């Protein structure tokens, strides 16, 4: 840059630059228009140079922008995983704390019950009775002795599938069961609720539902094979429900265990004294069998803590290996109270491990790893005996991944380019998912039906995106045919793994293709009628030999012998209307055959018949109305071209591609056979 340009740049970049004073001084110092034009050119050159430098800097740093965005995305994913690990560790520490404090709570509760046994029992029963008087249809609830109220409150029930609110309920938690009652719209006296369901505490499990605004403060009750979701008033009430439900279930399990232990030595049935030595041997064998279960091994004593450590460190394989080792050790051992107690501790860890594995497969997790990223969690769930849940979560994860990939695909200006990318993404993902499914669920053939159902739903998602871009945007029939051809070719790739979704693809596309064929048929008919209205029945002059050669090539590619209708010059012994109609109809036939499948057989035939009928009726009308013998002969020549040359080619091409004769077109050709014209006659019939 020159010294003058540098000085001008510094002046414009100075912080105290005032445009108005600058223009005023420039006007006073300039001698005329030439100076102003030169100065304007300098400023324009400076602006162009600045814009060029800006573009260079953008291109230079563009890759850095992309890499920075990727690093930010990776960092976000890692922070999310770190947050999840910290949350899991926090929950584990809380569970360990609760386990340590549970002993003190049990001793305290026993002391309180020993101090005030009858008063507490009577007060709780009296409170429960007064509350149940407000519930319709619960007369026999209090028949169970010792049943009393622990906790109650209002909850809102939501649908498990679509998370929509269902109804408002009131829950009564008792020491051995959970009562759900719905609100009555029309109250009758003191009755406010109606009996809905009664669940034994041992028949269901309570699962915390992660907050996902606006859905928050929820928890789920699992009763195989059903489940129900309830929403508390706020987070505090939700926490109380979860804690009290967990504590009540533990108290019931502990109480039942103590009751069984007390009943064994104080059994009312007195054993008879027998002199049979074989009876003595059996009794001794039972006692020895119970005592033979050695649970004092170090790895068994440390098993619950080891499971907690494995879950906290996300060592899922190690946790499942420990469980398999325990199951193998206890397989042929008798079930003793100590074994049951150990089983109870282990089952709690199994539940926590299952929740973590379920979260690993949830669609909320990162979907960038592809199907292989789910293999670890799926394999461990299968080893835990939950192959059905693993199958369901795996397919939900892959459905979310496919949907996200389709949503992130850029909509290009060229429809065919977009469809190529869409098919490549979708069918590649479907193929990878199928291969991973075969690998993960090789020993669970019952899950394959679920995969077939999922494949159909995934294909429906693909067709929605496909139709929105191809058919809703009113693309030409040739473009639509190419797009459908691309989709069919990609769909054929699935047959290499034994999955054929071609029929599903065709059944989902049949409605849109039928509408496209009928729409393009209407366009051809309207264009033909418009040309017919301007028909002068004159020979076609192409002006140049190149244009004539091009027309011959087009007709030859359609299978039509066109040589007899042309001469040495550039004239064609046919009408422009008939030639244009022939080209348009043959193009419609070729594109329709690309889109063809059996469900569209009659639609394509009827469309061709209607298009041909418009041209035939026009020729027939012209033959009847034309008075000039020369023009009438020319019209007859065009009619012969349509009847003897074009229609047979259409019939033969249709039959070759479809494999069935076009009976409707054959009948149409027979009914429109042209009659030779007598030059002296003024009438003729087609």
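Heads up, the Cβ atoms here are built off N, Cα and C, so glycines get one too.
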Of the residue ranges 1-21, 22-42, the one that TrEMBL records as region 'Disordered':
1-21
Range among 252-287, 288-323, 324-359, 360-395 that TrEMBL annotates as region 'Disordered'
252-287
Residue counts (helix, strand, coil, in that order) that DSSP gives for the compositional bias 'Basic and acidic residues' (252-263)
12 helix, 0 strand, 0 coil
Where DSSP helix means H, G or I and strand means E or B, what are the helix, strand and coil counts for the domain 'PH' (148-250)?
19 helix, 61 strand, 23 coil
How does the model score the domain 'PH' (148-250) in terms of mean pLDDT?
85
